[in-house]
Structures are given as structure tokens and as C-alpha cells.
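First up is the structure itself, then whatever we jot down about it.
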Amino acid sequence: MAALLLGAVMLVAQLQLVPSRPAVPGAELGQPELVRKAATLQDEIREGAAPNGSAQQLPQTIIIGVRKGGTRALLEMLSLHPDVAAAENEVHFFDWEEHYSQGLGWYLSQMPFSSPHQLTVEKTPAYFTSPKVPERVHSMNPSIRLLLILRDPSERVLSDYTQVFYNHVQKHKPYPSIEEFLVRDGRLNVDYKALNRSLYHVHMQNWLRFFSLSRMHIVDGDRLIRDPFPEIQKVERFLRLSPQINASNFYFNKTKGFYCLRDSGRDRCLHESKGRAHPQVDPKLLNKLHEYFHEPNKKFFELVGRTFDWH
């Protein structure tokens, strides 16, 4: 019987998940059902051999972005909850073709072992801005809960640049100043990728084609930095987790300049790459950046029925 189950799982895992034409929410209902059966069979096969009765499960929650919005901080804070099992690395299953082509079996293998009562979470910030991802996630599980963490779009642009700049510095490679990216022919360079990633309303429209707002929770990344506990409480409620994370789990590290975590008497902070100082930008250019995002921000607020304290 086990051999038959294993054969069925391998067959399902090899099925192509990408439909031949664009799908709409609710279409091809047989495919998600097939995926759920595959996951169930895989869990049954693995369960007997897994340590302490745990098993690898497909994620019930995904942190979909945004890049430089605070996804790592959110995942680390959420991992304080005993009922959360988090994938250690960014999986890039839905946005990288070389991963997606390997099927759900490969995706499952990237997940942590978890108990039946635990919620499996993975985070890949690039998901939010990748056009193909919403449909692919919906095909896997239309009932999945999605977490999106956003910051002031202007600040996110500066953080985006800062990360790439330091990556080049570590490799002893030169990198242009941020002004060279932001300005072209005396005007704001609207083709700069970092700017496009901060046009939240464009990417949100794509996600809302496949998921209702009730399946998504937007975390205020700026508030998470200033006062993390209230924001993480909202996440607990959205994920229907019992309130286990407390204010005592957070303490402000004056040396680093941001909040760190305290878990079972053990203190831990985010990697030194987090919280780096942004480059100095001419105030006039910064004002241009704020003006550029004014209308896109309004459109995003209308989409989600909520405002944020952004420039």
C-alpha cells in the first residue's frame, strides 16, 4: 500500500503547475484539490519516519514581501511563537523557474519539520513584485494566508540601494552613487528598478486578481521598527494563533539602534546587515522622490482601504 501511495505522490509532484492560459480566481478547481491530495499523501508517507511525529508540510502562510520592507525581522519575530515553524532560507519557489519546474515535491522538501498543530511559514520578498507568483500560489492553495510588510516607499528605495551598494563593497567592486540611479537627464529616472518595486498599487492589483483582502494582512514595517509588539499581535490574530508573544520578548538595543529579541532568556538581534545607514541624498532630490510616490500611494490606500504614515 505504501508503495502505491509513494507512486501516486511522485506522479502528482511531476505535474506541471502552470496553466496553458491565464487563470482567474476559482478556475481549474480540480488542480488545487489535486495538490492538496498530493500534500496529504506525502505527509502520510513521511510521518512514520519523521522525528517526534513531525513532518514537512506545505506552508499555510507565506510572507510575500516586500523587499527591504522588514521581512526577515517579521519572520524572526513570528518564530518566537511556539506554534510557528519557519523555513530558514528564502525558497524562491514561485518566482524562479528552475525551482518551480521541480514541482511541489521539491518545495515540500525545503520546508522545516513541524508538528501537526504548528503553522509552517516561508518568506521570499521577491514574490510580491513577480507577476507570475499570485496565480501560482493560488493554484497551490487558494485559502493560504499571506503576509505583506511595507515601508514608506521612498525609504524602501534607499534601503534597496544600500543593500546592493554594500554587496558591491564586500566584493571590492565599485558602485555608482544613488544620484546616478535616481536622476537621468535632470529628471527622476522612473525606469530605476528600485522605484518600480515601491509602486505598491501596481503589484497589489495583481495579487487582488487571485486573493481577496481577507486572505492578506499588511504589516506596517515602519511601525514594526519603532514598536514591534503591537504589530506582531495583529499578525497573531490574523493567523489565528493563540497570543503567545509578549512585550517582554522585545528589547531596544541602543548600540544597534533597533529592537532585538529575547526568547527563553536568550537574546538575539538581526544580522549586522540590517539597519544600515542610508546614503545622504540631496533634500531637493528626496522631495522629488516623495512627490513621485504621492499619487501611487493614494491609489494603494484606496485599494486596501487603509492609510499609512508615508511622505
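Glycine is treated like the rest: Cβ placed from N, Cα and C.
TrEMBL lists Lys68 with the feature active site, for sulfotransferase activity.
With a cut-off of 8 Å between CB atoms and residues at least 6 apart in sequence, the same chain places Pro125, Arg151, Arg156, Ser159, Asp160, Gln163 near Lys68 (active site, for sulfotransferase activity), listed in sequence order. Taken from TrEMBL, the feature 3'-phosphoadenylyl sulfate binding site applies to Lys68, Gly69, Gly70, Thr71, Arg72, Arg151, Ser159, Tyr259, Lys274, Gly275, Arg276, Ala277, His278.
All chains included, 16 other C-beta atoms sit within 10 angstroms of the C-beta of Cys269 (disulfide bond). Residues or ranges marked as disulfide bond by TrEMBL: Cys260-Cys269.
A mean pLDDT of 94 is what the model gives for the domain 'Sulfotransferase' (59-298). According to TrEMBL, the domain 'Sulfotransferase' annotation covers 59-298.
What TrEMBL records for 1-20 is signal peptide.
For Arg72 (3'-phosphoadenylyl sulfate binding site), the count of additional Cβ atoms within 10 Å of its Cβ stands at 18 [all protein chains shown]. Sequence-distant contacts of Gly70 (3'-phosphoadenylyl sulfate binding site), defined by Cβ-Cβ distance under 8 angstroms and a gap of at least six in the same chain, are Ile149, Arg151, Val219, Gly221, Leu224, Ile225. Rounded to a whole number, the C-alpha distance linking Arg72 (3'-phosphoadenylyl sulfate binding site) with Cys269 (disulfide bond) is 11 angstrom. Cβ contacts within 10 Å of His278 (3'-phosphoadenylyl sulfate binding site), excluding its own Cβ and spanning all protein chains shown: 13.
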